Amino acid sequence: MFLWFQSRCDLNIKSNNSSHHTELYGEERLIVRRGQPFVIVLRLNSDSKDFKLGETSFTLIVETGPLPRKQSGTKFTFSLSDHTVDTEWSASAISNSPRNTVSVSISSSPNSPIGVYSLTVDQEGQKTSLGQFTLLFNAWCPGDAVYMRSEPERQEYVLAQHGQIYRGTCKRITGTPWNFGQFEQGILDICLKILDENPKFVSDADKDCSARRNPIYVSRVLSAMINSNDDRGVLTGEWVNFVGGVHPGLWIGSGDILRKWAKSGPVKYGQCWVFAAVACTVSRSLGIPCRVVTNFGSAHDGNANLVIENLYNEDGERIDNHAAARLFQYIMNFHVWVDSWMTRPDLGSEYDGWQTSDPTPQETSDGVCCCGPASLRSIKEGELTKKYDAPFIFAEVNADVVDLVRQSNGEFVKFSGSTNSVGRFISTKAVGSDKRDDITHQYKYPEGSKEERKVYERAKHNNKLQQQGEVPGLHLKIKLSDNMMVGSDFEVYAVLTNNLMEARTCNLMFFAKAVSYNGRLGESCGFTSDKVTVPAGEERRVSLRLKYDSYGSVINSDRLIQLSAIAINKQTIDYHKAEKTIVLDAPEIKIKLMKEATVNKPVTAEMTLLNTLPEPLKDCSFTAEGVGLTDGKPITVKYVIEAVGPKQEARASVKFTPSSAGSSVLLVNFDSDKLRNIKSFINVVVKY
């Protein structure tokens, strides 16, 4: 029986998008997740034959990519059957009421490439285009490689549009709010554009589109494309000079970055938390469950020996490993990457689950600046032969540390070391709340445990390192003041304790230097030294006063200062070291809504910040952004007064009109010439 189809059909967008958890993308287009049926309504011309269930048949064709081919798995042809199946493309007619319409249920294969598909109906060679739809990964489908069993986890790692990114030091962990905004208008198209801009697509579009069935492949492409080192990627990294771009600390959401990239190419500038946040947005937008992870005390093992060697000269001064080509090893106060959830058929089912990828450009992998995905199971068990880039990631969380003194004859003498200073308090946002979730146990066994040491030895391939602790009897540590607000002067202390039965005398040097989050040392902001005699059973402390006049001009927006104390007896070649990185407290942004938030009605938020510096702030501005609150764009308000004096408040208000009801978050960033990267947020409940 031959039917004449109208050129357009009802894609049933609202209902399909709702059942596929894509309603937040809007109702302008059909967006479905693979392995799950969706229903369309075909319209017949008025002179067409009646459709009869079980008797009338036709063929559907779905295609994706510029060169759709059946052999590549980018073109599928299938006919009506009695029912759909959940393992392959299939279709069944489910009703033909009212007259001249046919409701058809279409199920996609859970192993299909993601992307934009065309849909065509073919009856006896007569083809009619029915429209387009976008197919995404499906964490709700048991047959999909990204399937997650837990609904709260799916809500968090696929659907949540805002979160917390953790920064600071292992002693002072602070959460930075971030708008992922994966459902904001236009973002999905930009994420698909990122895939189309990657060099693998440019060189072989057919092969690349076919490979998009595999979340392992897609995650590796994103790891390379979020940075711009080898391609026209999203973000350009910069850690020193931010002229000609946006300071990384000013970003509060991914949407603005992605729109700028789509309009004019690589965006300046990003650092690790920005790279990771954008990677999380793109992954969630494409349907891959993703979380942002922060590793405190994160090692960069440039020579792949799983050991970080800290170098000192004979006067106890640190030699910057960034500049030491011999090593190119260092420890960052923190480093941020992403974990994505998927199966690993290439490694074996025991390696399924969270996989680490790092889009920050550090080292190359297969000649390209990318890293991962590596199975957390392989990292925890020290199985470093498992792809991708497991040795580098293992070292980030579990390298050992050795302290070496370079003597005048050029030889190095080991004087201290640590097996537990790398990979601490590995953190991500908890499911369903703004609390921090410590996931260190997912990456490694407890520090110092038999299992952890066994794994390390396995990872070292029996190249054992002799563990050496502190010299018995003398112990050096650093103590801090309670109040270390940026702009204030405060004391820090090097404390030398003698547990021996006789006195000990040492030259003690106490250094303070500005430092970036990635461990790169800056200029000095304090130094003191003293010859200290510590009687048996007692302690002596040397104080160092850190003044804003000294540190204010050398710290960056991370507000980090590295303290190093070295106690030396050159006659006995007796060295002791203590090191601590401090993060200065920042003033709080106070945010207040002037009235209850209601859909499509303007509301004003007032923002204030107290200047804690002993000098005026210039070029002050507040930037606010919120999913469903600010129309997907940050709103920046510059402070009208030329300068905000010491102990005075910067004040501004921002007006926005919520576009959708429900819970959201308004993020606020404060910026000025001397005080930057200050962030806060409030939860906003928008009512009808």
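From the backbone N, Cα and C atoms, a Cβ is placed for every residue, glycine too.
Look at TrEMBL and you will find 264-361 tagged as domain 'Transglutaminase-like'.
Feature annotation from TrEMBL assigns active site to Cys272 (among others).
Summarising the annotation, TrEMBL assigns active site to His335 (among others). Of all the Cβ atoms in the protein chains shown, 26 others lie within 10 Å of the Cβ of His335 (active site).
Look at TrEMBL and you will find Asp358 (among others) tagged as active site. In this view, Asp358 (active site) is surrounded by 31 other Cβ atoms within 10 Å of its Cβ, with every protein chain counted.
The feature Ca(2+) binding site is assigned by TrEMBL to Asn398, Asp400, Glu447, Glu452. Around Glu452 (Ca(2+) binding site), the same-chain residues six or more apart in sequence whose CB sits under 8 Å from its CB are Asn398, Lys444, Tyr445, Pro446, listed in sequence order.
Those residues of the chain, other than Asn398, Asp400, Glu447, Glu452, with a C-beta within 8 angstroms of the mean position of the Ca(2+) site C-beta atoms are Ala399, Thr419, Asn420, Val422, Gly423, Lys444, Gly448, Arg453, Val455, Tyr456. If you check the recorded positions Cys272, Asp400, Glu447 against Asp358 (active site), the ones with a Cα inside 10 Å of its Cα are Cys272.
A straight line from the CA of Cys272 (active site) to the CA of Glu447 (Ca(2+) binding site) spans 25 Å. Here the CA atom of Asp400 (Ca(2+) binding site) lies 17 Å from the CA atom of His335 (active site). Neighbours of Glu447 (Ca(2+) binding site), defined as other CB atoms within 10 A of its CB across all chains, total 16. The DSSP breakdown of the domain 'Transglutaminase-like' (264-361) into helical (H, G, I), extended (E, B) and coil residues amounts to 19 helix, 44 strand, 35 coil.
Looking only at the domain 'Transglutaminase-like' (264-361), the predicted model's pLDDT averages out at 88.
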